């Protein structure tokens, strides 16, 4: 019975997110660090509503993703552009970009990563410190499982290691995505317990960062050379207008309900109906000092005029927001099962304290089309 339940969960999980995909370019990986090429590339072919994570020890030029390079030639003048100008409706949070659900034209852009010899040595040490020496490779695990000679204790051990590894990856991803703003240097969480001599390796050895010094990796004996990492992204277009409200911009028409905040009206309400499985959202008027209430919408929302944790109403939702800036849109992926109808709100507060714009979402009960189609027989 457990096996049937597990398979059903996996099936639903895979089909639930079939419309979006996560991409990552991680230039701290050994294949990039130990490459003998002066340029190393990571190419991403993305669609609207996908997310992209850019992990780089030392970013060059634009910090990605608040601004990105629109030319592969880093020396070209005026080659950077704000992500809101290039892909309106996208959200940047930490080292991750959630691509706008509506992209009008095919859009390429680039991010660059500086990998000098000292930085490379530092991250090789970090990678090797974090690697669990007694951890079996995925191939070894599958070999044991297929052989049928795995005891229950060994199976539990494999499962625990997999869960621990997943937790470590999840915690690290959360740390990267919760960063207040992208910076040139890559920060690492204290929870990894990386020794200070490794964390500060680049500080202690900065004088050795010279092209005339031959450096070899202490483990593989491969020569280490300085190089540039290039993340090349190609985002494909679509024709899906975003279901939601855009306060303060009635010209772009990226959202289904573009609303101008011009004039003397101090309070406007934009009402949207959302069904299970749908992605909905809103964007406040662009103001550097504007704010949203509750501050961590959609994790918290206004329900019956009270601040409420959304997970108590519709567990299983997903939100895409920048916790440190209200200039980006706020998106909510409604879960595929909703028990009952709920009406929730988030408010955009203007610099002028008298101005308030309300996003009101009427969440309908039931099951999503993905779930319903999963149980249909051909």
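Every residue number used here counts from 1 along the chain in the order it is shown.
Glycine is treated like the rest: Cβ placed from N, Cα and C.
Around residue 42 (disulfide bond), the same-chain residues six or more apart in sequence whose CB sits under 8 Å from its CB are 25, 27, 32, 229, 230, 231, 232, listed in sequence order. The disulfide bond annotation in Swiss-Prot covers 25-42 (among others) and is backed by similarity to another entry.
DSSP assigns residue 56 (disulfide bond) to coil, not to a helix or a strand. Within its own chain, residue 56 (disulfide bond) has 25, 27, 28, 64, 111, 113, 114, 186, 229 as residues 6 or more apart in sequence whose C-beta sits under 8 angstroms from its own. According to Swiss-Prot, the feature disulfide bond maps to 56-113 (among others).
Look at Swiss-Prot and you will find 64-111 (among others) tagged as disulfide bond. Taken residue by residue with DSSP, residue 64 (disulfide bond) is part of neither helix nor strand, so it is coil.
In this structure, residue 245 (disulfide bond) is part of a beta strand by DSSP. Summarising the annotation, Swiss-Prot assigns disulfide bond to 245-270 (among others) and lists similarity to another entry as the type of evidence.
Swiss-Prot lists 284-348 (among others) with the feature disulfide bond. Around residue 284 (disulfide bond), the same-chain residues at least 6 positions away in sequence with a Cβ under 8 Å from its Cβ are 247, 248, 290, 292, 326, 327, 348, 357.
Look at residue 346 (disulfide bond): DSSP puts it in a strand. Within 10 Å of the Cβ of residue 346 (disulfide bond) there are 24 other Cβ atoms, across all protein chains. As annotated by Swiss-Prot, disulfide bond applies to 297-346 (among others), with the evidence given as similarity to another entry.
The domain '6-Cys 1' annotation in Swiss-Prot covers 21-133.
Residues or ranges marked as domain '6-Cys 2' in Swiss-Prot: 241-375. Averaged across the domain '6-Cys 2' (241-375), the predicted model reaches a pLDDT of 88.
For 77 (among others), the entry in Swiss-Prot reads N-linked glycosylation site, with the evidence type sequence analysis.
Positions annotated as N-linked glycosylation site by Swiss-Prot: 149 (among others).
Annotation comment: Swiss-Prot describes 182 (among others) as N-linked glycosylation site, evidence class sequence analysis.
What Swiss-Prot lists as N-linked glycosylation site is 205 (among others). Cβ neighbour count for residue 205 (N-linked glycosylation site): 15 (other Cβ atoms within 10 Å of its Cβ, all protein chains included).
The annotation N-linked glycosylation site is assigned in Swiss-Prot to 351 (among others) on the grounds of sequence analysis. Cβ-based neighbour count (10 Å, all protein chains) for residue 351 (N-linked glycosylation site) stands at 11.
Annotation source Swiss-Prot lists signal peptide at 1-20.
DSSP assignment over the domain '6-Cys 1' (21-133) gives 22 helix, 42 strand, 49 coil.
In this structure the alpha carbons, written CA, of residue 346 (disulfide bond) and residue 270 (disulfide bond) are 10 Å apart. Around the Cβ of residue 64 (disulfide bond), 27 further Cβ atoms fall within 10 Å across all displayed protein chains. The two recorded residues residue 205 (N-linked glycosylation site) and residue 297 (disulfide bond) have their Cα atoms spaced 44 Å from each other.
Residue 245 (disulfide bond) counts 27 other C-beta atoms within 10 Å of its own C-beta, drawing on all protein chains shown.
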